[in-house]
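Engineer: Below is one structure. I have some questions about it.
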Amino acid sequence: MDIAIQHPWFKRTLGPFYPSRLFDQFFGEGLFEYDLLPFLSSTISPYYRQSLFRTVLDSGISEVRSDRDKFVIFLDVKHFSPEDLTVKVQEDFVEIHGKHNERQDDHGYISREFHRRYRLPSNVDQSALSCSLSADGMLTFSGPKIPSGVDAGHSERAIPVSREEKPSSAPSS
């Protein structure tokens, strides 16, 4: 059977009716009503599944911003408390690890774990890195950039995660 490969703009216009990646990042979120509708299931290939109707900030997908003055990572970790998170810097990388043991939720028992690793720009001041967790579960890791020619000082160290009482000011796009 021949399947035509469509241009990405065409794929986006069809939205949820076009098959998406093999895996997404929505583990343990439970089923929604549209997951059970047979007309939404993919008949093109058993290896594809429909993308879920969720916003980017609800998806657990991170956003990395690096502008002239600072480097920032936004990561949705709404299922984790600051005690469940470990953030450390090793050389030119920041590693974010989250793990919580099995606990009961609305759909049964669930345990979650993730590990993310990001390369830091060479001009980030590693002595001024900070990490905070907002009330709505958005982890913000940030650090100022230093002028070129100044040594950024690379070493391994843990970055404490502080809790904020206000929701995140992360962009919704």
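Cβ from N, Cα, C; glycine included.
Below, the features straight out of Swiss-Prot:
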REGION    1-63  region 'Required for complex formation with BFSP1 and BFSP2'
MOD_RES   M1  N-acetylmethionine
BINDING   H100, E102  Zn(2+) 1 binding site
REGION    144-173  region 'Disordered'
BINDING   H154  Zn(2+) 3 binding site
REGION    157-163  region 'Important for oligomerization'
Engineer: I'd like the per-state residue tally for the region 'Important for oligomerization' (157-163) from DSSP, helix first, then strand, then coil.
Structural biologist: 0 helix, 6 strand, 1 coil
Engineer: Short question: which residues 6 or more past the ends of the region 'Important for oligomerization' (157-163) have a Cβ under 8 Å from it?
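Structural biologist: For the region 'Important for oligomerization' (157-163), the list is 82, 85-89, 94, 126, 129-133, 135, 139, 141.
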Engineer: For the binding-site residues listed here (H100, E102), which one has the lowest count of neighbouring CB atoms within 10 Å of its own CB?
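Structural biologist: Fewest other Cβ atoms within 10 Å, among the binding-site residues H100, E102, is found for E102.
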Engineer: If you average per-residue pLDDT over the region 'Important for oligomerization' (157-163), what number do you get?
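Structural biologist: In the predicted model, the region 'Important for oligomerization' (157-163) has a mean pLDDT of 79.
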